[in-house]
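Engineer: Below: one structure in structure tokens.
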Amino acid sequence: MYIALPLPDIAVGSRTSRFSFIQDDISNDGVCKSMVEPQGYACEEHTVTTQDDYILSLQRIPLGRSGGTAGNRPPVLLQHGLVSDGVIWLLLPPESSLAFSLADNGYEVWIANSRGTKYSSGHTSLTLNDSAYWDWTWDELVSYDLSATVQYVHSQTGQKLHYAGHSLGTLMVLSALSKNQLVTMLRSAALLSPIAYLGQITTALTKIAADTYIAEAVRGLGINEFDTGDKVINGFLKQICQNPGVDCTNMWTASTGQNCCLNSSIINVYLDHEPQPTSTKNMIHLAQMIRTGTINMYDYNKKEENVKHYGQPTPPAYNMTNIPQDFPLFLGYGGADALADVQDVKRLLSILKDHQGDKLVLNYRDNYAHLDFVMSENAKEAVYDSIIAFFKLQ
């Protein structure tokens, strides 16, 4: 999550995901061909169809650049945050990137792309122009997208997965764990800019947008796709950022906090691929979290609608105290992060206070803001090396 509007829905499905064992490139400009193979890494495109018929893409990096033998390497699933996709893990050079560093350190890397993003825009019957396509929030990302991708990687590798998520990607796995879901298929989780609670968010634009119900107004106008990635605007920004003396690394400060360590060279790469769409309904759900300071399922704001969906007049809560105390967690959070605010992270940590001591690892970076955890030029030394060491212990 790193936009200046309300931030990052979880219906629990009972059916088994339908897997699609496709290993060909989805398109000529797929993630493998555009972002991975040019760096000298092998890459495969996979797809999986969720229980509710969304077609998601996954990329598999089976080996590091030095080669070796594929298979039997511990798998790691990387899950992006709000208004981004899996490309966010590939913006940095190989020697600085978490995805490539994991591959070079003996891991099999899988990169997830949530519904609605460029490479996961398919559906078995709906198109992007159908309002029903966008009728979801992060509830569905947990119960359907996350479930489908974890099950698929587990099926493909025959092993339990490590997991690394950023921002909304952390809320997804925390919510699943709080429902005792996927525990048997995951061996650990690294949470970067963890968001569970959003009540103390300090970015003024996002707080005002939530308090003034902007997302609700947008959906009321019939706008179901929330897309901030206008190609014309992005092209204009790229031209501006190429001018000498113009520092565009501060372009996200109003919504993310002051990122300390972004290299200006990453801006154009970012604008070539991000930001990505989400649903307006998802933005409403996140705004509800900001206003209430709670972690509940989507509130339909009508008693009869909540009863219809949940069997009760108010939406159920995700109880973080139910996260297994022996499940290994790594939390990386920053003192300058305006979205994953330190006070909200501390609230989560207070709930995890009874977590087994050797199963909870913290990495606090005083000068890091929200994007530093996925785009900082020194993130490998500051955070990623510790994550790799953490994974090796699990």
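For all residues, glycine too, the Cβ spot is worked out from N, Cα and C.
Because TrEMBL annotations are produced automatically, they should be read as predictions rather than curated entries.
Per TrEMBL, the feature domain 'Partial AB-hydrolase lipase' maps to 34-90. Feature annotation from TrEMBL assigns active site, nucleophile to SER167. Sequence annotations record features per position, and here TrEMBL assigns active site, charge relay system to ASP337, HIS370.
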Engineer: Determine how many residues of the domain 'Partial AB-hydrolase lipase' (34-90) DSSP places in helix, in strand and in coil.
Structural biologist: 11 helix, 21 strand, 25 coil
Engineer: Give the number of CB atoms, excluding that of ASP337 (active site, charge relay system) itself, located within 10 Å of its CB.
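Structural biologist: Its Cβ shell of radius 10 Å holds 30 other Cβ atoms.
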Engineer: Return the count of C-beta atoms lying within 10 angstroms of the C-beta of HIS370 (active site, charge relay system), excluding that atom itself.
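Structural biologist: So the Cβ neighbour count for HIS370 (active site, charge relay system) comes to 30.
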